[in-house]
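Read through the structure below, which is laid out as structure tokens, and then see the notes.
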Amino acid sequence: MLSDQFFIVNYSLAIVFSIVGLSLCLLTIVITITHRQCHNFTNVLSCNTCTAVTLYFIFRILTCIYGLRQDWQFHQPACIFRAYCSLALCAALCYSYSIQATSRLFFAVFYKHKYLLTWRTHWIMIIVNWIISFIISIQPFFYQHGFELEIESRSCVVTPKIVSISMYTLVIIFIIPLIVVTIFGGIIVYYVRQSSRRIAAVVSNVAENASTVQVSKRYGK
């Protein structure tokens, strides 16, 4: 069991960093909302990410406050609910990067499909992001003590003691969004390189044709 001093230092720093992160996220959201020139797809998706981060920091601060109490082991109101929300917000955060990558893919590769470049499509992606995040986080409820108060960290978390839950959380909530971002990013880079090569080839042909025309005119005279 770690000492009380460790948790005091650890949770105090966590509260400070959470407040700083919370302030920056709220500032980003307020600036985007109040400045009309910031109303674009990229900033709206960034605000979606900031919303997930903001809510996560709020739950993190609550966890730290309860963990600093002397009676932390007996006073953990809504422990399972807080653990579930924290997991769902982690999922929302990770999948928010996936929809950012998806949006970039639409604009870089599928720009000819105009319906993919609309506000309606992007709002649907945001809504689906949140729905999926809260649905996939339900799975630990099907196990006894899937969410619990972890004595070692004084936190309400997904239990690390059940291997299947740990693997599910790792793969579904963290690895899949990472794979999506990596694949879509790779497709965009490949497409941009191919486009650059085609443009370079066209420019080269135009230059050669212009040179040929000039030579022909010179000898024609």
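Cβ coordinates come from backbone N, Cα and C, glycine included.
Now, the feature entries from TrEMBL:
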TRANSMEM  6-33  transmembrane segment
DOMAIN    24-221  domain 'G-protein coupled receptors family 1 profile'
TRANSMEM  45-68  transmembrane segment
TRANSMEM  80-111  transmembrane segment
TRANSMEM  123-142  transmembrane segment
TRANSMEM  162-192  transmembrane segment
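Taking every listed stretch (6-33, 45-68, 80-111, 162-192) in turn, the largest tally of C-beta pairs under 8 A with the transmembrane segment (123-142) is reached by 80-111. Between the transmembrane segment (45-68) and the listed ranges 6-33, 80-111, 162-192, the one holding the most Cβ pairs under 8 Å is 6-33. Regional average pLDDT for the domain 'G-protein coupled receptors family 1 profile' (24-221) in the model is 88.
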